[in-house]
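All remarks here apply to the structure that follows.
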Amino acid sequence: MEAFCGSPFWDYNLTINTDEPDLTSCFQNTVLVWIPCFFLVVTSVFSVYSLLHSQKSFIPWTWLNITKTILGCVLVLLAFTDLCNAIRISAVEGAYAVSIVSPGMVLLAMSWATALLQLERKRGIQSSGQMFFYWLLWTLGDIFICVSKTRYYRLTGEPEDMFTFVTFFLHFPVVIAQLILSVVIDKPPVFSEVGDQKQSPEKSASFLSKMSFWWFTGMVIQGYRKPLESEDLWSVNKEEAAETVVPQFYKHWKEELSQKCTLPDNKCCITDTESEDIPLKGQGKDVTKQDKTSYTHHPALLKALFKAFGFPWAISLFGEVTFVVLVLINPQLLKLLIGFTQDKDEYMWKGLVYAALIYLCSMAQSLLFEQLDVVRCKVGFRMRSATVHAVYRKALVLSNGARKSTTVGEIVNLMSVDATKLDSVTHCFSFFLRASLKIVFALYFLWQLLGPCIMGGLGVMLLLIPVNGIVAKFQRKLRLSRMDHKDNRIKLMNEILNGMKVLKLYAWETSFEKKIMGIREKEMISMKHSSYLNAISSVTWALAPYLLSLSTFAVYVLSSPDNILTAERAFVALSLFQIMSHPLSVFPAVVNHMVQVSVAIKRLTKFLKKEELDPDSIDTTEMKDKAIVMKNGTFTWDKEDAPTLKEINLDIDRGQLVAVVGSVGTGKSSLLSALLGNMDKIEGTTKVSGSVAYVPQQAWIQNCSLRDNILFNNSFDESEYNKIIDSCALNSDLEILPSADKTEIGEKGINLSGGQKQRVSLARAVYSNADIYLLDDPLSAVDAHVGKHIFQNVIGPEGVLKNKTRILVTHGISHLPKVDKIIVIANGSVSECGTFSQLMDHQGAFSEFLKNYLLEEEMEGQVEELDDDAGSICDDIKSQITSIYGDKELQRQKSELAASRTSLHIADTLSKDTLSIPSPRDLSPRNLHPKEDLSPRHLSPREEKDEDQQFIAFNRQISKQVSELEEVELCIPPPPESEPDSDAGRLIQDETAETGRVKFGVFIAYIKAVGVWMSIAVILFHVLEDTAEIYSNVWLSQWSNDPTINGTVDIAQRDLRLGVYGAIAVAEGLVLVIKSLIVAIAILWGSRRLHNTLLTNVLRYPQSFFDTTPTGRITNRFAKDIDVIDGTIPYTLIYFFVTAFNAAASIVVISYSTPIVLTVVVPLAILYYLIQRFFIPTSRQLRRIESVASSPIYSHFGETLSGVSTIRAFRQQKNFILQSEERVDNHLAAMYINKMSHKWLATRLQFIGNCIVFAAAIFAVLGRDTLTAGIVGLSVTYAMNITGALNGMVHVASELEANIVAVERVKEYSEYKTEAEWSIPEKKPDSSWPHKGEIVIDNYSTRYRQGLPLAVKNINCHIKGGEKIGIVGRTGAGKSSLTLALFRIIEPAEGKILIDGTDISEIGLHDLRSKITVIPQDPVLFSGSLRMNLDPFDQYTDQELWMALEHAHLKNFVASNPEGLSYECSEGGENLSVGQRQLVCLARALLRKTKVLVLDEATAAVDLETDDLIQSTIRTEFAECTVLTIAHRLNTIMDYTRILVLGYGEVKEFASPQELLADENGIFHSMAKDAGLLS
């Protein structure tokens, strides 16, 4: 270098060994000049690539970039003049190469920097970190050069070279100006979203603002001034939004799927994560379409995620290495500082430089770590977001076979628990990298310090690795087991929440409470074993640093008397041990979390590779005249089952009205499902030309306003909308709704009747203005007159859909002559197809069906509930049948049919047959819910559900007794006289978040749950552990100060020191073991008590709570919040104690060793407290908002799952995906802002901690004359730890207060007002009560909830024991309200109800409900055995159960199953038909056999045959009981003792049927006449 520079590169005496250090001229002209130049070149490789691929628009010229450009040009000009001057001197006098090379490099660097400024401006970069560091490096270098030139001028009186002196002092202020300007933010680019008030200021923040998180300060100030609300949050960053992350993920997920595919296409299981109907947000076409594939290996979900989002994290790994280097520099600086204090002759500036370097190194660590953590968080959030979206999209396209093996609870857990684990994947991997580097380099430096003696400590570490490997293996198994139990618990909890009304009516809450707690106990057993394993792992790794230091120091001092443990060796080694201790202590938690991540990825992968529906099963090619063409179509619900539809051939022209008829179970609904693409196609082709609208028989209603349900994401056209409302007979319903069509409809349409839901569903389809309408018996849920209105005005030849293609599954014969074509389905095939007259002439299965229909109607002697037109049509059909078969033949068959019905044994009725071509009897209306349907059919569960549930109402349309009474009562007041109020229609209230500080009572509640003495014990043992640690280090400090004699130490003193040090380590180990066991037990106690208290209280909530609260909101408590309580809060609390005691210990040690540091610590502690108090209000509210923002995700997801077939039919997947994405983005925005708040806090607290480090180092330097090396080492070592301890303490305190919100939310639901006591021992009635069944209702009024009008008013009636009372009335009359009042589901506003003289309001709810029997309209079954569904309390013997089943006509069905009473019912009883489920409810009633029986429209949803079975059983088995029946079919109550007629909640009539029919002006007479029961 001397030849290059003309002077030495380094001069030790000039730079180090002097009291005024300076740098050589060569060093200044090379290193200080070249470093910024090389930095610019190297970083430009990445920055230019990034700029060229940037999508931002340019920034217009502003004063800022104009000033930067001018100053850049000035620097270029100065560099050019320096170069010209150097060339001139070289030519005249000769010069060394450095005088030309360095100015040349500066010229090139300044020129490129100025050009780069313009490139950044054109690419919309408002603030550049690269340019900031470039000018910072120049400024730092120029400072040294400035000092050197100034000193030379001061010493000599003249500059070394006047020209370069002038140009430098022109150059230096310009560089400083550029540095200052580089931190100023420029204007936003053109066309940027400057008007978006919700956009995060992070995007437009300057580099320094991003580094210090100053851009977040506004949010903290706002949160301090007032409690934050969700409206105050910024929207999610575009990089984390769904529109960005989803395409990126699916691109790489497709690659993973295709790489694992090896089998032929016809054997593939899955692929298509998304069909053409599910476009991505912001895109118009599918980006995930892929051919069917199958896998020989599991596709790597984690690999796909890292390929999609891992690049920023991979780049950040270089920063991780830099961070570790900075961490390891500190012990070396500590070594130099201790050496400085030992050598009293060292120059003071060296100590100050060491202290400054320690501070700067610590600050660099802090800033770098937080920025790296931001990268990790962003990548983790993208992974989480992508996975949640993938699960949602997958649920939309799951095949029926895959859906059968996946429960709602499992999918909810995938979204709420498993996907959240992916947040920390990058954190865990980064930790392993940092930990590995720290340990390796720490061991290297220890080797340099202590030599081979560290092998003892290394041996301890190597011994611990296999132990923890085994622990991790067992933890993974336990995690899998625990998640399985969790899935089962959430699944059952969903069932309970959906069937809560039934549980209350039967008083079964305690039984299901025990079931949930039983599953929870299994979960707790897995959790207990996992906690013990965590305790083992924590103890081993927590002891590792102490064992490491003890074994290393012991080997070192015992191996040779010359090995003296000096302060320099002891505390540098201790500092290195502490560097290793953090990763070692955190290692168990990280391993545990990685186990959870591994399990989550396995579960997610399993779900994402489940089989999907084939999007190509339907050919949507446009056809000119045809709407639907199917050739040889064979379909199945599950590939493992036999085909449901076989060789179907259809040819339907555009605009035709086609009726589909056939008996139950033959495949009518399956045909519609096949046309929708919801079945697996085995062979054949299906073409559907045009858009499709679908009306299922069981209407799917969303939790939104009635108008939004009809619009279904379409734009609002008022005239068209009003026309459709009128056509679908909804005007009268809008009049009685609180806010008309703006009334909010609850989950599953809870505040609409069955008929109203069906008409809304039909209106939705009509409003969609589709080309093809698939109508699955939409008229079955409405009365005959409304049905006629709908057929005439909507479906029929003159209806609004007259020009549309309509396929109508119907059971109303009066409509058949008006259709263009009739398709008769038998045994899964098309048996006949033609017009009405053609089929009548053919005299095939269709005419047999009509003949048997009319025979049975005549035999029953029932009068049709039809108008004159419909009646004349039926008369025409009867005459045609008579002409075909002859009157004598009809009379003969009628006699045979009567004899057959009389002699037919119920066992034959319920015998198990396979599907076959129906005989004439099979096609009888009495067998439209055929005998074999009461036993398991060879259909998939989905087929069971669709066919049974959708067709059991067939006879309701043709039974001629249907009236408006069939509608489930709507719990609403009389029609409002004023304009509707939108607020009045609000049913589901938004979930609220607490504001302000988390109340101390929440912490007390958790402490009580854990156990007060357990909590005290945990704190006590933490104190003991830290006391032992402090004393061991103080002892080590004293040991290092022991005097030496001739280079050796006193052996006895050495052994004493070593023995005590070892004893302290042993004591600390014992304390750790006991503390870990106490913590493990405390975690279990707290989790068990909080969950059980929550469960116990939720089951005791009034029914009104469940009517107004989405199940997703409640499920979120049992899923996410309980998971936080189980796995997050305990360890956060423990870590808080660790960091708090470490911080306190550090302060104590520093104060003990260098008391003067307290002068700095006290004001910093005040500042620390102020920052904490300033920050925590924002943090806690952000956490609350985050918790609240998660509930809509799960509620929307559950709603989507229940209506997935409707969503797919209307091709609304895109809209629902967008809605889901919006909810997830809102939640992600809250999560990200919450995370950034912690970064804001950490940066400031680390600054305070680093100030303490600097103070300890400075005071050690200034007090070196009075301080020993051991004390300095002890003080600075603890000071270095205080940064992490203080930051960790407040960070964890914030995390704790944020996570404790889960306890707050659980506590909130644990303290909600419950219903009355289940049992009141002192007022419990006799076991034989009620004796007679006498009911007295005295001036009774009630309302559903506080603030609502009375549902029933001033009811007065006396019902004698044994009377049969029919309750009738129009929709909203108060029928169901009165029966609910009898069970005290709703409590009285005034008056009372007496049963056998006992006021029911004074006895316990279970004492009441268990003594009254109900058969509800909707039969609800729970997953579990049939025995459990009949007798959850195990009160009855097998003989009694079989007797009840026999009377309920289910004995043969149950006996035909090998499992018998242990027959397993699936979720919701889907593997049983609706008729079977209703008979199970009848069996429940037969088991109880109480004196009061309530039928709440129990036969409204079943066919006539099941109705006959139920009614006949009731008449015989409950002959002596008081029976209250809400009438659905008037003929069923015509033989009752009296009829109670209600209107607007009041008693209008109450007398015998004969009396009421005789009163021609009476309401009942009018209703009977309207129903066609009177001529």
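Note: Cβ is positioned from N, Cα and C throughout, glycine not excepted.
Now, the feature entries from TrEMBL:
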- 929-944: compositional bias 'Basic and acidic residues' (COMPBIAS)
- 314-596: domain 'ABC transmembrane type-1' (DOMAIN)
- 628-852: domain 'ABC transporter' (DOMAIN)
- 1016-1298: domain 'ABC transmembrane type-1' (DOMAIN)
- 1335-1569: domain 'ABC transporter' (DOMAIN)
- 915-946: region 'Disordered' (REGION)
- 31-52: transmembrane segment (TRANSMEM)
- 64-89: transmembrane segment (TRANSMEM)
- 95-119: transmembrane segment (TRANSMEM)
- 131-150: transmembrane segment (TRANSMEM)
- 162-185: transmembrane segment (TRANSMEM)
- 311-330: transmembrane segment (TRANSMEM)
- 351-369: transmembrane segment (TRANSMEM)
- 439-472: transmembrane segment (TRANSMEM)
- 532-558: transmembrane segment (TRANSMEM)
- 1003-1024: transmembrane segment (TRANSMEM)
- 1060-1085: transmembrane segment (TRANSMEM)
- 1156-1176: transmembrane segment (TRANSMEM)
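Counting Cβ pairs closer than 8 Å to the transmembrane segment (311-330), the top stretch among 95-119, 439-472, 1003-1024 is 439-472.
Here the domain 'ABC transporter' (628-852) has a mean pLDDT of 83 out of 100. When Cβ distances are compared across the two stretches, the transmembrane segment (162-185) makes no contact with the transmembrane segment (439-472), since fewer than 3 pairs at least 6 residues apart fall below 8 angstroms. Sequence-distant residue pairs (6 or more apart) of the transmembrane segment (31-52) and the transmembrane segment (95-119) include at least 3 whose Cβ atoms are under 8 Å, placing the two stretches in contact. Beyond the ends of the transmembrane segment (64-89), by six or more residues, the same chain brings 95, 99-100, 103-104, 106-107, 110-111, 113-114, 117-118, 121, 163-164, 167, 170-171, 174-175, 177-178, 181-182, 184, 186-187 to within a C-beta distance below 8 angstroms of the stretch.
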